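Working notes, beginning with the structure itself.
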Amino acid sequence: MDDPVLLTGAGGRVGQAILSGIGDAHEWRLLDREPLSSDRLPVGLDEGDVVVADVTDDAAMAEAMAGVGAVVHLAGDPRPEAPWNSVLENNIDGTQTVFEAAVEAGVEKVAFASSNHAVSAYETDARTPEMYRTDDDYHLDGSELPRPGNLYGVSKAAGETLGRYYHDAAGLSVVCVRIGNLTEDHPPRNYERGQAMWLSYRDCAHLFDRCIRANYGYEIVYGISDNERKYYSIDRAKEALGYEPKDDSAEYTLAGDPREES
Ligand SMILES: NC(=O)C1=CN([C@@H]2O[C@H](COP(=O)(O)OP(=O)(O)OC[C@H]3O[C@@H](n4cnc5c(N)ncnc54)[C@H](O)[C@@H]3O)[C@@H](O)[C@H]2O)C=CC1
Ligand SMILES: O=C1O[C@H](COP(=O)(O)O)[C@@H](O)[C@H](O)[C@H]1O
């Protein structure tokens with residue numbers, strides 16, 4: 001049984017996208033270092049149910065992990081320009097603490113929020129902007145080596161490697177989701193790169209639902225919608241997790257407005 005599911009970083013954008021879509025589908029243990037107001041919680045939970053803790057706190061994470069079946073680990077510094085001291089603490093140390101506590105508690109699986117920035121240096125001057133367009137066939141599929149474009153991306157590649165280690169050393173099931181660009185209601189406006197890696201709220205919720213329910217060993221998948229304009233393959237997410245995205249940034253103009261029905 002995968003429930004209850006520990007969701008770290010529950011108060012952030014990705015956490016809220018997940019809870020808005022599948023808040024009633026699981027028994028949740030929500031964790032964030034900031035308290036969550038009641039309007040950010042699934043029906044049936046109140047502010048006192050949220051574990052307010054830092055993911056770098058060994059004792060707090062051991063306590064939060066007790067009895068948990070699966071973990072969705074989102075907490076961290078999401079800024080591509082984040083400085084080293086922040087990603088070292090929040091993203092690398094925090095992720096190691098989460099994996100270690102999960103193994104110690106006998107948790108079965110962990111879904112880790114990795115990022116497009118773990119591979120953003122593949123976007124060379126020679127390849128861009130063509131690779132963001134539909135008529136270009138350059139694709140990354142998750143089997144390539146990390147190639148981070150910034151220290152934040154380095155921290156996400158480190159998280160993926162920590163997941164590999166805890167899978168091999170302790171048998172933990174780990175899926176690393178290289179999330180693209182999550183926005184609500186419409187794709188990023190006037191941003192070709194962002195539209196190629198758009199992840200809609202409902203596809204985000206469905207993808208992490210599959211991460212909670214599916215059986216896997218160690219996986220790296222791309223977390224984007226089924227965008228016509230894309231350079232990340234979603235084949236592995238479909239095959240390993242049963243991901244069935246519904247959205248496509250091509251249904252919107254470059255300015256991010258819905259296209260007229262023809
Ligand atoms: N939003 C996006 O498009 C993308 C997000 N991601 C990753 O997804 C995860 C979530 O991102 P967002 O929701 O956008 O960020 P966010 O900043 O909106 O949410 C992060 C949440 O984690 C909490 N948090 C941060 N450090 C913590 C710590 N040390 N201990 C406990 N809680 C902590 C914050 O209080 C916040 O509520 C991050 O790991 C980010 O790197 C990856 C790619 C794209
Ligand atoms: O990992 C992340 O990536 C997205 C997209 O990157 P961007 O550089 O094209 O904006 C970013 O919006 C998000 O904050 C970050 O966590």
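Yeah, the Cβs are placed from backbone N, Cα and C, and that goes for glycine too.
Taken from TrEMBL, the feature domain 'NAD-dependent epimerase/dehydratase' covers 5-183. What TrEMBL records for Asn90, Ser115, Tyr152, Lys156 is NAD(+) binding site. What TrEMBL lists as active site, proton acceptor is Tyr152.
Everything TrEMBL records as a feature, shown here on the structure.
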residue	record	DSSP (3 states)
Asn90	NAD(+) binding site	helix
Ser115	NAD(+) binding site	strand
Tyr152	NAD(+) binding site	helix
Candidate with the highest Cβ count within 10 Å, taken from the binding-site residues Asn90, Ser115
Ser115
For Lys156 (NAD(+) binding site), the nonlocal same-chain Cβ neighbours (under 8 Å, six or more residues apart) come out as Asn91, Ser114, Ser115, His117, Ala118, Pro146, Pro148, Arg178
Based on a Cβ-to-ligand 2 distance below 6 Å, what subset of the binding-site residues Asn90, Tyr152, Lys156 would you report?
none
The record names Asn90, Ser115, Tyr152, Lys156 as the residues that bind NAD(+); what is their largest Cα to Cα distance in Å?
15
Quick note, Tyr152 (NAD(+) binding site): same-chain residues at least 6 apart with CB under 8 Å of its CB -> Asp77, Pro78, Arg79, Pro80, Glu81, Ala82, Val87, Asn91, Ser115, His117
Given the NAD(+) site Asn90, Ser115, Tyr152, Lys156, its other Cβ neighbours within 8 Å of the Cβ centroid, in chain order, are Gly76, Asp77, Pro78, Ala82, Val87, Asn91, Ser114, His117, Ala118, Gly153, Ser155, Gly159
What is the average pLDDT across the domain 'NAD-dependent epimerase/dehydratase' (5-183)?
97
